[in-house]
Amino acid sequence: MKKVSKYLLLSGAVLSLAIGIDKSQDAFTIIASAETSNSQNQTVNSIDDKLKDENEISTKNEDNPSEIKNSSTNAIQNSDKEPKDNKDVLSDDDIRKDALTSTYNVEENIKPSLAMDAWTRVPEQGKYVFKNKCIIKDSPTKNGKIITYFDKGMSVNYDSKVSIDGQTWISYVSFGGNRYYVQIDEQKPEPKPDNEWKLVPENGTYKFTFSCPIKSEPKKSSSTVATYEKGMTVNYDNKVTYDGADWISYIASSGARRYVQISQNNEQAADAKYKVGDIVQLGSGARYESNGNNISERQGWIGTIKEVRVDKKSHSNYSYKIVFSSGSATLQNNYVLEQDIQKPTKSPKYQVGDNVQLGNGARYESDGNNISARRGWIGTVKEVNVDNMSHSNYSYKVEYKNGNLNTCILEQDLQLPKPDSNSSDAKYKVGDTVQLGSGARYESNGNNISERQGWIGTIKEVRVDKKSHSNYSYKIVFSSGSATLQNNYVLEQDIQKPTKSPKYQVGDNVQLGNGARYESDGNNISARRGWVGTVKEVNVDNMSHSNYSYKVEYKDGNLNTCILEQDLQLPKEGSKPNDTWKLVPESGTYTFTTRTGVKNEPKKSSPDLAFYDKGMTVVYDNIVTNDGVKWISYIAGSGARRYVQITTDSSGNNNQNKGMTIVNGILIVNKKNSIPSTYAPGENSEAIANLRKLISAMRASGMDVSNSYSGYRSYATQAQLYQSYVNRDGKAAADTYSARPGFSEHQTGLAFDLLRSDGSLIVSARESNWIAQNAHKYGFIVRFPEGKDSITGYQYEPWHVRYVGNKATSIYNSGKTLEEYLGVPGGGYR
């Protein structure tokens, strides 16, 4: 063997990484060592640093307590080599460093020859990992000199063992050429098992299906070191049956043996008072879980048991994992002792179907939604849920008659409707039209309403509200231009029957005054001063000095929808109508196949104001025959009536819309009537505007509907979509729910699929019913109604709506499909 410097440390030695961990963390770990044979210099430095703190190691001689033996002596007894001459004498530190080295390499299997000693060394090789701090001596005797120590976790390669005086030692030769000995049978890495139980060798990996405490002995009374939670695993090397239960056992990284109970045997969980799934309540005396966690703030909470475990603490044999709902959060406690839970003492105060009223102190739902504006509202309970918050154990989903709802109102904020909530004692009723008096200043909640004195509105709610000289307050909704405003707590003393009636009635001829500037919706009408028209509608409209506005149509077909009363007068003598043509009511959607001009009058000589390009569409409401041709007419966004020529002569001959079927102004697309592949109008702007109004109304009614939708599809897009369905389900099945390219209403830009907030199609009964009953108010029909497959050619699609303009209500009231209403063929493909 090559000569090695006496200062080289730990060549061929292996160290275990000694990591400081607390008791509970150690219980989870299995013994493992990290070899440092590839980083000897780093290891040498760490050991050298440690030895700097051990300048001198001494111990009492066990045979002579008064004698102190110091490891600094140079005499090495029972060495394999003769003592060195003075020039090779080692220092104290060198002796200790050398004692921590070994010339034996396990991997190379080199076996040094054994020198003769007063004892017999038996050749046996290996690597020994120290589980405790162990003394290194120069001989395998009690009187042997102490050289230094191997700390817990360190290791050494040895080449022989010695048995003497009933003790076992491992032995090795250091790089300094000295033989050293370490006693190994006195190490106590763990307390030896009591004779009460027997370890049975068996190994494996155990996965925990419930929480299990880790103990230092296989006894239920033994203190818990830590806990394995459900889903964790451990590698074990023994099993024990003791104390009426089965246990697995393993060695932790500290060297201590640990035990985990995996069955009850003599103490079955059937003895537990509560089972998984039971609904329980924390008692008023509940303070701590078995792990010491404070639960006093959750006294009275109601929850559901998720796990049961044996847990002998205080007056309990079991503890429970309980999950609680609290607003939008799900909370849990894992070790609630049996003594601290009970069957719920409180049942829900209200049941599904009960009518309830929001109390005057209601502020927030359990999810944080502010409901203070709905105090006094009356609704019906739709759901009851456990919900631990504030002074409540339950929350309620409540739906109101106006379609609004709240999903989690705490029980403390509800009450049974007061007998006089809609009492005949109140002076006014829901639906009454009333006017704010000239003395109205504040609502009962302090809101200032003096600027609305004289406004006329409609009562939406009545509530008991004893303030000032009133016993009731009212929710009143007002119209003001395009806005709908409301006051929720107007006291009875501040309202009256309207003192003003509309000045003009439907059918009256009226004239715009010289001071007229704007309609109540902001539309400028100053250019029409002096125009004479006929009143078509009268509406309450609180703005400026007026309580009413009027829809006025002029003889040229133009109209204004909301002229304030202050801007109208009876026609002056000599005022004449300003047209020579007659509008014939007829409505529909027109698609342009050539570039066509938009005019202010149905005259060929009238200048073009704008143009419709090929493929664009417009929804019209009248037809005019003038100047030898036919025109369609509509109201533009400005409120002005516009005209577009659609024929080349008054007979109605027309070269536009070739390849498409238009009946009564409605474009028909079904399995019998297709549209050209080149037809690509995009989404119709008027249809989109009305679709957004429909969606807004749905959301205001508490419906689950997205602002997104599926609208226009080109011929190519529909071809790809249809083919994907054919590939998936076959052609016959695909034809029942998907249109072939050229036969899809989506290509018209007038059809839309409504979606839920999660992006899925609307199919739920609540939303579907709303669409069926209200879509016509916005110009839409449900194109493929239920039970009409043989006529429409498609399955029921509650989400698919088609824009048909002002004919929608007529179609809806008829109860017919579009095919039936227009008298066109339907059913399957030709």
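Cβ from N, Cα, C; glycine included.
Please treat TrEMBL annotations as automatic predictions, because they have not gone through curation.
The following features are taken from TrEMBL:
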type: REGION; residues: 39-93; note: region 'Disordered'
type: COMPBIAS; residues: 47-63; note: compositional bias 'Basic and acidic residues'
type: COMPBIAS; residues: 67-78; note: compositional bias 'Polar residues'
type: COMPBIAS; residues: 79-93; note: compositional bias 'Basic and acidic residues'
type: DOMAIN; residues: 124-190; note: domain 'SH3b'
type: DOMAIN; residues: 201-266; note: domain 'SH3b'
type: DOMAIN; residues: 587-653; note: domain 'SH3b'
Which residue counts does DSSP yield for the domain 'SH3b' (587-653) in the helix, strand and coil classes, in that order?
0 helix, 36 strand, 31 coil
Sort the residues of the domain 'SH3b' (201-266) into helix, strand and coil with DSSP and give the three counts.
0 helix, 40 strand, 26 coil
How many helix, strand and coil residues does the domain 'SH3b' (124-190) contain under DSSP?
0 helix, 38 strand, 29 coil
On average, what pLDDT score does this prediction assign to the domain 'SH3b' (124-190)?
83
